[in-house]
Amino acid sequence: MKIAVVGTGYVGLVSGACFADVGIEVTCVDIDQKKIEKLKNGIMPIYEPGLEEIVIRNYKSGRLHFSTDLGEAIQGAEVAFIAVGTPPGEDGSADLKYVLAVADEIGQKMTDYIVVATKSTVPVTTGEKVRSAIKSALDKRGSDLPFAVASNPEFLKEGAAVEDFLKPDRIVIGIDDERAEKIMQRLYKPFQLSGERIIYMDIPSAEMTKYAANAMLATKISFMNDIANLCEKVGANANMVRKGIGSDPRIGNKFIYPGVGYGGSCFPKDVKAIIRTGREYGHELRVLQSVEDVNEDQKHVLANKVKSHFGEDLSGMTFAMWGLSFKPNTDDMREAPAAVIIDELRAAGATVKAYDPVAMEEAKEHYIFDKVTYCKDAYDALVDADALLLVTEWSEFRIPSWEVVSKLLKNKVIFDGRNIYDKNYLGTLGYTHYGIGSK
Ligand code: NAD
């Protein structure tokens, strides 16, 4: 079986490599020539645990190809996945220009029946737009080649993407064509060895499922942050509350950790996009508007704690920051709360020294190029720093040598944006510890 995956980012590259790993012949296509060259040379354009090994192994075996030529990639392919970006437009709606450009190009270049499956996160009605784009490109050629469209939203998590793809909780497929359904069934069979995982549905429902899933997860986070902020005021401890409510299986213990707000390339843009879809249809999604508002405020909570400890004017002060990426195990800096915190500390006159195990290159290149001093390791960031801010809970920050930390930090003050440190223990070492959601 042969397929093409168009867009070689977090979703496309992981999907392509994992499909190749189960024996499918895959061509990953991207318009970014540099990215394709890097991949051909075994250099990963992104950081994702386990990805390098699986990409190199399948590339060497000849099952995984990289190309900038979409026409060539879809020759003989039974499925073409669209996995390009859908960034937010100015009004918050998902910008479909990359998705529709790919659909148009497939229509121009296809030579046989093909299933065009959208993996990108796209609003309801996109399936129809993809179908129209392919159809009008075919019409221009005077061709009536048959094709099918499908919606196959991706649920992988950055940081555990390979694992999630190989062992999915579920595979959602929106489809309205019997032949296409059989092809998708065959394609996904190897990922369902431990039981049926595919949920078939109509295309609009599949498109909506992805937004509803991300919106629900974002809601859990904002809900907990809201409760945590109240906990601080009333003298309760949000960590205890989290354990208390998380033990109820109807609530569950995931995604209820208070912190510095959600970030990344998905939750912020997807929450905005579904709010926008609601407005287009005259339906105000009030819960999700609050989810977004709470999250915007939450990104300022840590810097506010710094100011209430040291005063509004932080001129001449230096802060060490551990972690930049929006969550551990990824180099993704898109919408990372760290960028907001850095801006706020700098606006108050402070200097920031940062260390992140993998995201510093990404931060330098795209997001916070010259705003911080990048350090060679976690301890280096503490040299001459007035206090430490923990922003991303990478494992290597969990049990530092407090002896070394105490020697380097000017003041024993820690702003723990992810509640990873034990306040009581740090208290015995003479530290003032500020967490999220407790006094
Ligand atoms: P990304 O920005 O990492 O990658 C997108 C890639 O598409 C880029 O390499 C870009 O060069 C390429 N591209 C753009 N136009 C193209 C074209 N015409 N032809 C070929 N390639 C083209 O994006 P991503 O994070 O992989 O996300 C892709 C989609 O998947 C988005 O809709 C996103 O919301 C969704 N998604 C992302 C995640 C995630 O964790 N990142 C998870 C699930 C779903």
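Glycine too: its Cβ is placed from the backbone N, Cα and C atoms.
Marked as NAD(+) binding site by TrEMBL: D30, K35, T86, T121, E158, K269, R334. In the three-state DSSP reading, E158 (NAD(+) binding site) counts as coil.
According to TrEMBL, the feature substrate binding site maps to F155, L156, K157, E158, K210, F255, I256, Y257, P258, G259, G263, K327.
Feature annotation from TrEMBL assigns active site, nucleophile to C266. Proximity of C266 (active site, nucleophile) to non-local residues of its own chain (separation of 6 or more, Cβ distance below 8 Å) is seen for T121, N214, given in sequence order.
Residues or ranges marked as domain 'UDP-glucose/GDP-mannose dehydrogenase C-terminal' in TrEMBL: 320-423. Across the domain 'UDP-glucose/GDP-mannose dehydrogenase C-terminal' (320-423), DSSP classifies residues as 35 helix, 18 strand, 51 coil.
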Residues among the binding-site residues K210, I256, P258, K269, R334 that border ligand 1 - Cβ under 6 angstroms, in sequence order: none
Averaged pLDDT, computed only over the residues in the domain 'UDP-glucose/GDP-mannose dehydrogenase C-terminal' (320-423): 95
Around the Cβ of T121 (NAD(+) binding site), the count of other Cβ atoms that are within 10 Å: 24
Which of K35, K157, K210, R334, all binding-site residues, has a Cβ with the fewest other Cβ atoms inside 10 Å: K157
D30 (NAD(+) binding site) - helix vs strand vs coil (DSSP): coil
Candidate nearest G263 (substrate binding site) in space, where candidates are the binding-site residues D30, K35, K269, R334 and distance is Cα-Cα: R334
Those binding-site residues listed as P258, G263, and which of them has the most Cβ atoms within 10 Å of its own Cβ: P258
